[in-house]
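Here's a structure for you.
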Amino acid sequence: MATSTPIVSESDHFFRTREVAIRLSLIALLALTCFVILKAFIPLLAWGVIIATAGYPGYRKLAAALGGREKLAAVLCTLILLSLIVIPAVLLAGTLTDGARSIASQVQSGNFRIPPPPAKVQGWPLIGKPLNKVWTTASTDATQALNKVSPVIQKYAPTLLSAGAKLGGTLLQFILSIVLAGFLLASSRGNAEFSQKIFRRIFREKGDEFETLTANTVRSVTNGIVGVALIQTILASLGFLVVGLPGAGMWSLLFFVAAVLQVGVVVLLPAVAFAFTITSTTPAVIFLVWCMFVGVIDNVLKPMLLGRGNQVPTLVVFLGVIGGFIAMGTIGLFIGAIILSVGYKLFLIWLEDV
């Protein structure tokens, strides 16, 4: 016996369509509201997830060594990561504070003196002669030199203070993201199940494959970019300290940022040139050789840490670093390259699957 198909009137169809539209609008409004609320925390959350993902293998090894005490392993991982951020920051702040106090004390006592430039400065290409002239004037009459530059200092002082405040805010973001990563590691089992559900929901039967690819890419790029930059910075900092480079902490910070940008040599070249002006030839030459070693060691470390199957083109990394910095500030230097690398890898998998 044939069954009759219910006839949907035009008015019923209109009401159902309107009901669906209202529901979708409410869902979209809720999603948009959640995004607006969490927008300020997105870089922090992203960096925390990246740190936790990259550090997970080491965390598992540490937990096994501690007899399966996962909470203790998470606390130790957090403290180790915090020490990598806090200790250099304290040393840098101490260097800047001591230098400012010394200059202020000399100015107040009337003993502020600028040493004359070395003879070799005048022979530097392009900047040698004008730099030698300004330096000589400052060394012979420091008061006059300060009077000349004081308008410039007053003009750019607010900008410098603002940059210092942003640097402090970035440091706080790093600290909070590391603490967040510690909590994520401590609850890693539940987080892994949650991550699997998300990937399976989005990519269906390929969810597990894409989740593994994403995790491996995050780990390899984090180790290959940030990890290598950190190792290079530690080695470069040792050279800065041994050769007696003034403001070694600031040099180290500049080099770390440049190393993430894949252009660490841009900082090493002026550092070497400066070393030749403040020390004798033998230590300066040794420092030059050390900087050459620091500059090329990434060619050895990157293939080891990135892994042969997870190579990402330098252009992708560079665009991620620059774009991340423009979009999210200093912390975007690190997040941008990793997120863009993950997107690049997923895009390649999608192309191969066609």
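Positions of Cβ are set from backbone N, Cα and C atoms, glycine also.
Because TrEMBL annotations are produced automatically, they should be read as predictions rather than curated entries.
TrEMBL feature annotations, pasted as is:
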type: TRANSMEM; residues: 26-52; note: transmembrane segment
type: TRANSMEM; residues: 72-93; note: transmembrane segment
type: TRANSMEM; residues: 167-186; note: transmembrane segment
type: TRANSMEM; residues: 225-246; note: transmembrane segment
type: TRANSMEM; residues: 253-278; note: transmembrane segment
type: TRANSMEM; residues: 284-301; note: transmembrane segment
type: TRANSMEM; residues: 313-344; note: transmembrane segment
When only pairs 6 or more apart in sequence are counted, do the transmembrane segment (313-344) and the transmembrane segment (26-52) reach 3 or more Cβ pairs under 8 Å?
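Answer yes, regions in contact.
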Between the transmembrane segment (26-52) and the transmembrane segment (225-246), do 3 or more CB pairs sit under 8 angstroms, pairs being 6 or more residues apart?
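Not in contact, no.
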Under 8 Å for C-beta pairs, could you tell me which stretch among 26-52, 72-93, 167-186, 253-278 has the largest tally with the transmembrane segment (284-301)?
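Counting Cβ pairs under 8 Å, the winner is 253-278.
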Within the same chain, where does the transmembrane segment (167-186) have neighbours whose Cβ lies under 8 angstroms from its own Cβ atoms, ignoring anything closer than 6 residues to its ends? I mean 6 or more beyond.
43-45, 47-49, 51-52, 55-56, 59, 70-71, 73-75, 77-78, 81-82, 85-86, 89, 329-331
Please indicate, using numbers and ranges, the residues of the same chain that are 6 or more beyond the transmembrane segment (26-52) and have a C-beta under 8 Å from a C-beta there.
81, 173-174, 176-178, 180-181, 184-185, 188, 191, 218, 222, 328-329, 331-332, 334-335, 338-339
